[in-house]
Amino acid sequence: MARTKQTARKSTGGKAPRKQLVTKAARKSAPSTGGMKKPHRYRPGTVALREIRRHQKSTELLIRKLPFQRLVREIAQDFKTDLRFQSAAIGALQEASEAYLVGLFEDTNLCAIHAKRVTVMPRDIQLARRIRGERA
């Protein structure tokens, strides 16, 4: 049979789809999520620093009012039963308590930094209180 010249023809759809090999299917352990992108995660510490800056700018109370009120009433019951509190008194106690705690944590953070750490530990709180003269 003699050779004939091949002429260029237009494609009519290409090849038929082949069946996927079993080994290739077994390699995919988890099914694809249909193009779902995994959620963005900030690096450790980024969100904490953002929260610190946000709280330093604001003046609102950080402890919820009702849990603090329950705590005050529970502590007051040890001294005298059936005590009544004005809402302004509870508010003043909460303001003073939060101011004390914020100051204590600032000093505690300085103690941790002095020890060349960034993590606050109970011993930092104890040192800060001892330096302040609160606990001998």
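Keep in mind that glycine also has a Cβ here, set from the backbone N, Cα and C atoms.
Database features, via Swiss-Prot:
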- 1-44: region 'Disordered' (REGION)
- Lys5: N6-(beta-hydroxybutyryl)lysine (MOD_RES)
- Lys5: N6-(2-hydroxyisobutyryl)lysine (MOD_RES)
- Arg9: symmetric dimethylarginine (MOD_RES)
- Lys15: N6-glutaryllysine (MOD_RES)
- Lys19: N6-acetyllysine (MOD_RES)
- Lys24: N6-acetyllysine (MOD_RES)
- Lys38: N6-methyllysine (MOD_RES)
- Lys57: N6-(2-hydroxyisobutyryl)lysine (MOD_RES)
- Lys57: N6-(beta-hydroxybutyryl)lysine (MOD_RES)
- Lys57: N6,N6,N6-trimethyllysine (MOD_RES)
- Lys80: N6,N6-dimethyllysine (MOD_RES)
- Thr108: phosphothreonine (MOD_RES)
Lys38 (N6-methyllysine) and the residue listed as 'symmetric dimethylarginine', distance between Cα atoms, whole Å: 45
Minimum Cα separation from Lys80 (N6,N6-dimethyllysine), reported as the residue among modified residues Lys5, Lys38, Lys57, Thr108 that achieves it: Thr108
Between Thr108 (phosphothreonine) and Lys57 (N6-(2-hydroxyisobutyryl)lysine): CA-CA distance (Å): 20
Integer Å distance between the CA atoms belonging to Thr108 (phosphothreonine) and Lys38 (N6-methyllysine): 38
Between Thr108 (phosphothreonine) and Lys5 (N6-(beta-hydroxybutyryl)lysine): CA-CA distance (Å): 89
